[in-house]
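Structure, as structure tokens:
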2 protein chains.
Amino acid sequence: MTASHDIDHTHDPALRSWVASANTPDTDFPIQNLPLGMFRRAGTTGSFRPATAIGDQVLDLIGAAELGVLSDALGAVLRTCEGMGLNPLMSVGPDFRRQLRHELVAALNADAGPTSSQTLAPALTPLADVELTLPCRISDYTDFYTGIHHATTVGKLFRPDNPLLPNYKWVPIGYHGRASSIGVSGQTFRRPVGQTKAPDAETPSFGPCKRLDYELEVGALVGTGNESGQPIAIGDAERHLFGLVLLNDWSARDMQAWEYQPLGPFLAKSFATTISPWVVTMEALAPFRRAFTRPDGDPRPLPYLDSPANREQGAIAVQLEVHLQTRAMRDAGEAPTKLMCSDFAESYWTVAQMLTHHASNGCNMQPGDLFGSGTQSGPTPEQGGSLLELTQGGKQAITLPNGEQRTFLQDGDSVALVGRCEAPGRRSIGFGPCIGTVAPAVTG
Amino acid sequence: MTASHDIDHTHDPALRSWVASANTPDTDFPIQNLPLGMFRRAGTTGSFRPATAIGDQVLDLIGAAELGVLSDALGAVLRTCEGMGLNPLMSVGPDFRRQLRHELVAALNADAGPTSSQTLAPALTPLADVELTLPCRISDYTDFYTGIHHATTVGKLFRPDNPLLPNYKWVPIGYHGRASSIGVSGQTFRRPVGQTKAPDAETPSFGPCKRLDYELEVGALVGTGNESGQPIAIGDAERHLFGLVLLNDWSARDMQAWEYQPLGPFLAKSFATTISPWVVTMEALAPFRRAFTRPDGDPRPLPYLDSPANREQGAIAVQLEVHLQTRAMRDAGEAPTKLMCSDFAESYWTVAQMLTHHASNGCNMQPGDLFGSGTQSGPTPEQGGSLLELTQGGKQAITLPNGEQRTFLQDGDSVALVGRCEAPGRRSIGFGPCIGTVAPAVTG
């Protein structure tokens, strides 16, 4: 049985594609990546179809199958994805997905030559000319809290002497999130309105959020699920995972502070969540696996969350960044400014542990279920994955290159998450854009 | 515009049906009820079809349309429900649903006479011969916390001097729940396994839940939704609601205590939730509306949660009960024993307020979204809606009629929720069964 960590010829850094733009060093989508998503030609109203991104092009996978480039079995599964998302492909498991990767590499690599490029030309559309939507139907969305630096910094704001709660190093803490308001990169959402209560106020008030924030997260999508009552062993978890996206867990801090006791965040989060449209598959991530380590003295995970494979390569190195572009910057043609960077390999729990823990009580997972990783802050104060952290709870504004200041987000602000995997001797791959924009609140 | 509170000829207590069993005083399903659900003949594998219950019979609504008894427009909507749930009917709004009710009363009432009964005979199946499934596809499930007696009693277990948190009387507290593990009455689920930590233990352990509990709740199903960013005014909320079911929010108390800080309940709840298969529509509930009142001195809801209609008849009187049948009782042929009763009219927030609050931040609701009410305990200790309350946190076992004792649920226990609406001069209606059974944990 092949494992999703396994490296094969599709990861060869020397591989090049006849799609020339896939061979430039800075592309997110070289032939070693081949992320999966759902597209249609911009300006049309047809159904969305499964696709991969290669350089600056989108390859229609049903089209590729019709052109005889993919096997019949794959073509049949891909056709069932049309108009509904990648869920059917997710449900058939990792071996099918690996086969798709191998067939795509065979068709798209430079050695496939002019015949292949002529054959596939009708199935390619420039990325600039397509509309992308959510990669799958997300039945359930769960947000974890695996960023220990985030949990520590935020905990300090409330409990200076005891920032991490006693369960943190034992339990992959998570909570159910709202699925209906998950949108894809490009999402513009209204500033939420809600109840807040100032510390010195007698009663709460109702109005637009004043402390609107982003959270830098990685999203993991479930491939095959499990039956109710049947947990997923840690050794099997990787085979149930489909791939990763970037995820922005927009947060209304003032609403959160007032509402979250005793049952957790609710309206402070449910107004919008943005993910990137391209799923970087577990296979594409194989060269970027890392040992799962913890600081000396921290407890070893309980046996149900521990396995040799998880220890040896459970972590995934994704270089993460947050970029902010205000309306003034956009109007002046100024590029977004980088606010921070961190590494997903520092997550306190692995994606396999998140899945195994989630199913450990018998809860049934379904293809397309989404897990947020929790905010991925780095260890230093400059590496906060949210404005709450970067501004010390709104006390210390950050100054942008154009002189503007921010404690929290203002209307018109766009936040872009960036994710890129790099390793010595390996072709770098990226996640593509994950951008969301704040529109003014609806009031009155 | 007709409001869902409005009483019309379909509520006339003198109405009788030519389905004789619908006229017995103790039926849950007289002609004044006409709940909606999804059925197929037991033992078959065809797709589930929309239906109503009348006495001890199920009426196939697509069949009724094909027999010419329902209008073409209704028939067209009902056909799109086949195999997928009531969501299409939910999405077309309350006027369509009211029309369905009126057409059904016209066809099923005793004055419709022998022609109607002969015409419709092929569309009737005894309830005893059908299989029922979830009434709709539930995209998102939210569990509220509107039972103030429950919140107070449970709060006292943790904070004797300050049982209710400061936000309770201002915010309809809620959290996102797991949709995938919602099952319909008849659900049997495995006792969950998970992490717990004894107060005197150094480290947590992993094993079957030792404090498994039920929670007596009412579920509200959303009819028409709202666009993202567009809140639902309190005055419009009733028109967005489809109807009510009973809901058992199974809870693993020992897991909950260890995991719930700081983000709320997660695996302590996500293993199973059971709802009743028949949705009692908002129209059927019209005679049982009550004024929404609060104790003197409690704050008035903020304006976005306040309206004259909500004050005058926002509450809904549903007499609720919990019955327990242990395996020993079942083996001995003993009936379930009643553990408590309460009234949904005492909920601290109305279903309209739950919906308006949920959408107030711009979160988009979808047809078929489910809200749990939170545990509906009554004001006295004997009216606890969970074993946690009835046994004072497991300290005081209850004794069953056969001499068995319970602090929390044991394997083989079945819990049945009962809901019934009664009002002077009105025909009583009921919710039908909501039963779930505990199977042994999967271990090893």
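Quick reminder: no glycine exception, Cβ is built from N, Cα and C everywhere.
Automated prediction, rather than curation, is the source of TrEMBL annotations.
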Task = Have a look through B:T27, B:T44, B:T375 and flag the one TrEMBL assigns to the substrate site that B:Y145, B:R159, B:Q256, B:Y260 belong to.
result = B:T375
Identity of the Mg(2+)-site residue among B:D249, B:D296 (reference: B:K269, B:T273, source: TrEMBL) = B:D249
Remark   = The average per-residue pLDDT within the domain 'Fumarylacetoacetase-like C-terminal' (B:168-438) comes out at 97
Ask   = Roughly how many angstrom lie between the C-alpha atoms of B:Y260 (substrate binding site) and B:T273 (Mg(2+) binding site)?
value = 18
Ask   = Of B:Y145, B:Q256, B:T273, listed here as binding-site residues, which sit with their C-beta under 8 angstroms from a C-beta of chain A?
value = B:Y145
Note = Around the recorded Mg(2+) site (B:D249, B:K269, B:T273), other residues with Cβ within 8 Å of the Cβ centre, ordered by sequence, are B:D143, B:G177, B:R178, B:E215, B:L247, B:N248, B:W250, B:S251, B:S270, B:A272, B:G372
Ask   = Pick from B:Q256, B:T375: which of these binding-site residues has the biggest number of other Cβ atoms within 10 Å of its Cβ?
value = B:T375
Query = Which one is it: of the binding-site residues B:Y145, B:K269, B:T273, B:T375, whose Cα lies the shortest distance from the Cα of B:E215 (Ca(2+) binding site)?
reply = B:T375
Remark   = For the domain 'Fumarylacetoacetase N-terminal' (B:32-135), the DSSP residue counts stand at 53 helix, 24 strand, 27 coil
Query = How far is it from B:Y145 (substrate binding site) to B:T273 (Mg(2+) binding site), counting Cα to Cα, in Å?
reply = 15
